[in-house]
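Record features (TrEMBL):
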DOMAIN    1-427  domain 'Major facilitator superfamily (MFS) profile'
TRANSMEM  65-84  transmembrane segment
TRANSMEM  96-115  transmembrane segment
TRANSMEM  127-148  transmembrane segment
TRANSMEM  160-179  transmembrane segment
TRANSMEM  200-224  transmembrane segment
TRANSMEM  236-258  transmembrane segment
TRANSMEM  265-284  transmembrane segment
TRANSMEM  290-308  transmembrane segment
TRANSMEM  400-422  transmembrane segment
REGION    437-466  region 'Disordered'
């Protein structure tokens with residue numbers, strides 16, 4: 001609608017302004033608003049990178065290029081975590097945001113060089129934006145997240161506030177679905193995306209993967225820093241094992257998909273490994289050895305890395321080529337919303353478990369609410385009270401890990417229903433859809449083209465190389 005370049009510029013500018021405001025924040029409210037602006041830029045940039053790759057590369061070979069994006073993400077995480085950890089410990093947390101400004105300036109220059117197109121916004125283009133659909137979706141998600149975040153902590157689950165938020169969220173999300181499918185002139189999600197079950201299932205899997213992975217990236221560091229009292233540098237080095245293995249298996253998965261021409265095995269096996277990894281996290285304790293922690297991070301990284309590449313390939317292979325940008329954007333959005341939901345839900349599990357157990361124990365001199373809110377308060381408790389509270393905290397963290405296990409298991413179940421489609425090897429036929437690999441089930445025409453069992457799909461002639 002507006003072109004790729006202006007969207008990239010908007011995303012980068014949003015992050016740049018947000019980083020400046022974060023560095024200059026004088027209150028928690030200002031910091032939260034600024035971080036939200038940074039999140040807007042990061043989310044848009046992540047989606048746009050995948051869309052631009054899909055613009056030029058057929059899905060048959062896209063694994064190699066998605067691997068390159070994965071490597072850049074891994075390098076950025078490694079460098080950012082190490083440099084940011086050192087900067088935060090020595091010069092203060094504000095310096096982390098000031099350092100981001102230089103990278104943003106470089107990114108702006110590269111966007112003008114690499115992304116073709118002119119920047120223009122016309123009133124007729126703005127008229128095609130589905131503002132009502134956006135409002136319905138965002139309002140529904142916000143109500144759901146607030147209910148999950150406040151339930152059991154700020155308000156009881158049976159309180160009128162939580163019940164009202166859940167009801168409003170359900171109504172708004174149902175209205176969004178009905179409006180997008182029946183009334184919207186230019187829907188956010190094109191109706192053709194849901195022409196087959198694989199698109200729905202991979203969106204569910206992406207949501208569940210986001211809920212699992214993002215929550216692990218939130219509560220594993222909490223375990224390392226709060227319960228084990230490790231420094232930012234030490235915890236980042238342990239998480240580095242997860243990130244490095246995720247990068248390696250992101251690349252390997254992409255190359256294997258290109259080599260074999262199939263992808264469903266990668267999606268299923270990655271989530272299967274992630275389910276196992278989340279279950280193995282129950283082995284962690286307050287005094288677990290560093291070797292055990294690193295080993296668990298390795299297993300988690302293997303499952304996470306394989307899913308990063310395979311989910312985007314599955315999404316693109318399941319729709320016709322004209323729907324690829326919308327599918328990529330919506331899948332990334334589901335991934336991010338899943339992350340928000342997972343972090344919020346598991347944070348609620350952790351807080352409720354910790355609070356209920358500490359209240360039941362009635363330890364003298366211990367305020368349960370302060371234990372969750374302040375790690376300094378936990379560390380200031382005298383022995384043996386501190387050890388007892390740490391054990392309770394560990395039990396609460398393990399309960400949150402079961403939430404990650406549930407998300408990964410639900411995603412794995414969703415992928416069991418995926419169909420295997422022949423992946424496009426060219427970008428020429430823009431009005432065609434993918435065809436299924438199951439020739440025995442669906443049959444072929446006289447040209448050897450495999451016919452999809454879904455009558456709403458259009459037949460594509462493919463030249464699959466064995």
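Numbers run from 1 along the shown chain.
Cβ coordinates come from backbone N, Cα and C, glycine included.
Three or more CB pairs closer than 8 A are found between the transmembrane segment (265-284) and the transmembrane segment (400-422), so contact between the two stretches is assigned (pairs 6 or more residues apart). Within its own chain, the transmembrane segment (290-308) is flanked in space by residues 66, 70, 209, 213, 216, 220, 224, 238-239, 241-250, 252-253, 266-267, 269-278, 280-281, 283-284, 408, which lie at least six positions past its ends and keep a Cβ under 8 Å from the stretch. Counting Cβ pairs under 8 Å to the transmembrane segment (127-148), the top-ranked stretch among 65-84, 96-115, 160-179, 200-224 is 160-179. With a cut-off of 8 Å on Cβ pairs spaced 6 or more residues apart, the transmembrane segment (400-422) and the transmembrane segment (200-224) reach 3 or more such pairs and are scored as touching. In this chain, the transmembrane segment (65-84) touches the transmembrane segment (236-258); three or more CB pairs sit within less than 8 A of each other, excluding pairs fewer than 6 residues apart.
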